[in-house]
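Participant: The following feature annotations were taken from Swiss-Prot:
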| type | residues | note |
| --- | --- | --- |
| ACT_SITE | Asp60 | active site, nucleophile |
| BINDING | Tyr132 | substrate binding site |
Amino acid sequence: MTRPPNISEDVRLRLDIAYDGTDFAGWAVQAGQRTVAGLDEAFTTVFRTPVRLRAAGRTDTGVHATGQVAHVDIPGTALSKANPRSPHTGDPEFLPLLRRLSRLLPVDVRVLDIACAPVGFDARFSALRRHYRYRLSTAPYGVQPNQARYVTAWPRELDLDSMSAASRDLLGLRDFAVFCRHRHGATTIRELQRLEWSREGYLITAHITADAFCWSMVRSLIGALLAVGDHRRTIGWCGELLTKASRSSDFTTAPAHGLTFIRVDYPPDDELAERAVITRDLRSSF
């Protein structure tokens, strides 16, 4: 259930965000680097108080998003000043705020929607699953110019039947350490729920879904499967990699620009808080 803003307390907002990751060094704040989390600065300007966004997924350098979700806690008094009620009946509640942000933000990042978050909502820990898409072109000319920032050119034909068979060996709750860059204190156990391939002419698309992803996991999975697709490796090789306890150098990580974060799934509103507790416990138990 979503509560109306109360100026006497902080209000949690849900933000739906899209960005072209080409010129960003990922989501997370990094000293001296331009990152998507720099959205904090725009919100701080609008609300005249320091704020910090929490995202559903921290995308890597060069990775795009059409369906990133974040939350931010804003003092009710600051929110009421930054978002005066629209005089037009039927307009979205936060339309004035959305328009102010659109004027402040660079053209390669947009806040698509703003809403009061339901009670118990946490953009990261309430999430059930994240969906990514990876796109490649096997066209002899490479990639169409208007898609060059979002599609990876692949110089060889790919055997999608072999890639699909190898992908099935990776599904389920597993330790994906071999496909993840090390991050101190972070678990590499994830549930990979979908990894499917489709083809439309020269365009090949991977559809990837998991409860969560660790650092560089998606691009590493794609890189390993491409080695199967052009017959440098056997179908069973990817499954065999899972027996390794640390990241492998046996495959090349796929280029970042072909990857897009497209959607986050959440449970019904009355299950959000419980889901956040379960996720926190799960992440700390491994």
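Numbers run from 1 along the shown chain.
Keep in mind that glycine also has a Cβ here, set from the backbone N, Cα and C atoms.
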Participant: Where the residue listed as 'substrate binding site' and Asp60 (active site, nucleophile) are concerned, what is their Cα separation in Å, rounded?
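Facilitator: Given the Cα positions, the residue listed as 'substrate binding site' is 13 Å from Asp60 (active site, nucleophile).
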Participant: Given a separation of at least six residues and a C-beta threshold under 8 Å, show me what packs close to Asp60 (active site, nucleophile) in the same chain.
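Facilitator: When sequence neighbours closer than 6 are ignored, Asp60 (active site, nucleophile) has Gly26, Trp215, Ser216, Arg219, Ala256, Leu259 within Cβ distance under 8 Å.
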Participant: Within 10 Å of the Cβ of the residue listed as 'substrate binding site', how many other Cβ atoms can you find? Include all protein chains, please.
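Facilitator: Neighbour count, Cβ to Cβ under the 10 Å cut-off: 28.
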Participant: Give the three-state DSSP assignment (helix, strand or coil) for Tyr132 (substrate binding site).
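Facilitator: Going by the DSSP assignment, Tyr132 (substrate binding site) falls within a strand, counted as strand.
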